[in-house]
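I have placed the structure first, in the form of structure tokens, so that the comments after it can refer back to it.
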Amino acid sequence: MNILTFRSQDELNKAGAGIITGLLQTNPKACLGLATGGTPVGIYRELVETCRQGLVSFSKASAFNLDEYVGLDRSHPASYYTFMQEHLFSHVDIAPERCHIPDGSAPDPEAECVRYDSLLEEIGQIDLQLLGLGHNGHIGFNEPDEELERGTHVVELQEQTRQANARFFDRPDQVPTHAITMGVGTILKAKTILLIVRGRDKAEIVKRALQGPITTECPASLLQTHPHVVVLLDSEAGSLLS
Ligand code: F6R
């Protein structure tokens, strides 16, 4: 695990975007596993700028997002579909048919999980999986539990997660109670994992995830078992690491 700590958000964003750009420059057909939330926004901004400058192209790449809320239509302003359009997809030259996000409005969410897994099966392996970190140690929406699921599944969101994400909705009670998420098996199968964490409020969970015991009660701790993990932290998120 390669842990890098940055003094400024700008340096962190440039480093994160640089890793993704480097991958696309050497492997234009790379399959990217992508995340939403506050953490990757600055990295997506850098990628959009790099693409505008003509230094990188997404035209042959494909993308699989980690998760989506159950019950939200794609057009909902807080859907992860909308998020990805706003922050990345509509600003770069990626082919829309190669941008995959679970459909949260599918009438049968379980069948949607099977469909998503079969698409993932077809590509075989994600080349680079971008991850943020939940305050409770979740990756994707794999919440702490006695057991974790390997493949895509429907998950009930913990109250802490719903509260943390309430900022993206008009009212806290509008945050959906369930989501569809890629499983930890798929995440850990990725060739390389790029974990990004920012802020003092994540320092405790960063310490637990990276230096604590490997346990399903902190899903991100399973990343310790992966051979190619790069962690980019701001100095606050990394402040408790020894
Ligand atoms: C989002 C996702 C989540 C977030 C995590 C951190 O697609 O899978 O695991 O990465 O909840 O969210 P932020 O970045 O908003 O703190």
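Positions of Cβ are set from backbone N, Cα and C atoms, glycine also.
Feature annotations, courtesy of TrEMBL:
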- 19-226: domain 'Glucosamine/galactosamine-6-phosphate isomerase' (DOMAIN)
- Asp67: active site, proton acceptor (ACT_SITE)
- Asn136: active site, for ring-opening step (ACT_SITE)
- His138: active site, proton acceptor (ACT_SITE)
- Glu143: active site, for ring-opening step (ACT_SITE)
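Other C-beta atoms found within 10 angstroms of the C-beta of His138 (active site, proton acceptor) number 26, with every protein chain shown included.
Glu143 (active site, for ring-opening step) sits 12 Å from Asp67 (active site, proton acceptor), taking the CA atoms of both as reference points. Secondary structure from DSSP puts Asp67 (active site, proton acceptor) in a beta strand. Among the active-site residues Asp67, Asn136, Glu143, the residues whose Cβ lies under 6 Å from any atom of ligand 1 are, in sequence order, Asp67. Taking Cβ-Cβ distances under 8 Å and a sequence gap of 6 or more within the same chain, the neighbours of Asn136 (active site, for ring-opening step) are Glu143, Pro144, Gln158, Gln160, Thr161, Ile205, Cys218. On the 0 to 100 pLDDT scale, the domain 'Glucosamine/galactosamine-6-phosphate isomerase' (19-226) averages 97 in the predicted structure.
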